[in-house]
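As structure tokens, the structure follows; a few thoughts come after it.
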Amino acid sequence: MAALKYAGLEDTDSEEELPPGWEERTTKDGWVYYANHLEEKTQWEHPKSGKRKRVAGGLPYGWEQETDENGQVYFVDHINKRTTYLDPRLAFTVEDNPAKPTTRQKYDGNSTAMEILQGLDLSGKVVIITGANSGIGFETAKSLALHGAHVILACRNTSRGSDAVQRILAEWHKAKVEAMTLDLASLQSVQHFAEAFKSKNVPLHILICNAAVFGAPWCLTENGLESTFQVNHLGHFYLVQLLEDVLRQSSPARVVMVSSESHRFTEIKDSTGKLDFSLLSPSKKEYWAMLAYNRSKLCNILFSNELNRRLSPHGVTSNSVHPGNMIYSSIHRNWWVYTLLFTLARPFTKSM
């Protein structure tokens, strides 16, 4: 009881009763979360019981879910001609507290992005995520934004970036999220993006280099380089260089390179053990999509390691991450063979 009093929760009689200033809400997918109007933050656990919930079943007969002009979800009862922001399914919630792995392994293949960030308050943190309008990038952006971070979605397609922003705002209309144009296939676009970001005069605490192409046919960018190499690695390399001063000034800060285990199945050295630049941006005759992807992911890791060595003394860490094998996202869209492979594997792999 002393702990409850210290936390300001002693006024409630029932374990399920919300403390003053709290509100129970639901996401479009039926997950229950709690908004603290006093501190203007949200969390997934009940502020008193610590339980997580989700709604059971669909909306009652005659009800429909809508979204207002501020992106807030509300519900329409067509039978009784009324509207409410309270989800009628909240009367039929079930606990969702799955068994956690042992302390030796806190997270596993079933963990979600929201679970990884649970309990963190990222208010005041500024994050850039490349390729954030879909897939892993979008889920990362949404999770960070719902935990209070100011998230910038760096996307090649402006329209899709704006749509992604609206989807996040539909989850929480107070989320600080925006889209900016970044085409990694154009070094000029990378430069313009960096200049536009710097003009905002805000810090940069996290830079997530996530965008990538996979299985793409051979083509050259406007800079005369093979597209997979430039989009997956060189564009990100240039972006980090342009934003390095902001990262240093914002320390502690971090760079995250989304790489892949497939980096193990290639080489970028010639027979004498020296770096072979022709392998990085091969000619059409020497090009194989899978190898090009593997090499770009190897470059990601080598760059991340060296970046961490150089910048960690200045408060900027760098890590590379393998997101998982065969995660069903849109990365396979460039070739029907990969699309078929991912479709067949989908029932056995992790989805977004």
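Placed from the backbone N, Cα and C atoms, the Cβ positions cover glycine too.
The domain 'WW' annotation in TrEMBL covers 16-49, 57-90. The region 'Disordered' annotation in TrEMBL covers 1-23.
If you take every residue in the domain 'WW' (16-49) and average the pLDDT, you get 82. Residue counts for the domain 'WW' (16-49) under DSSP, split into helix (H, G, I), strand (E, B) and coil, are 0 helix, 14 strand, 20 coil.
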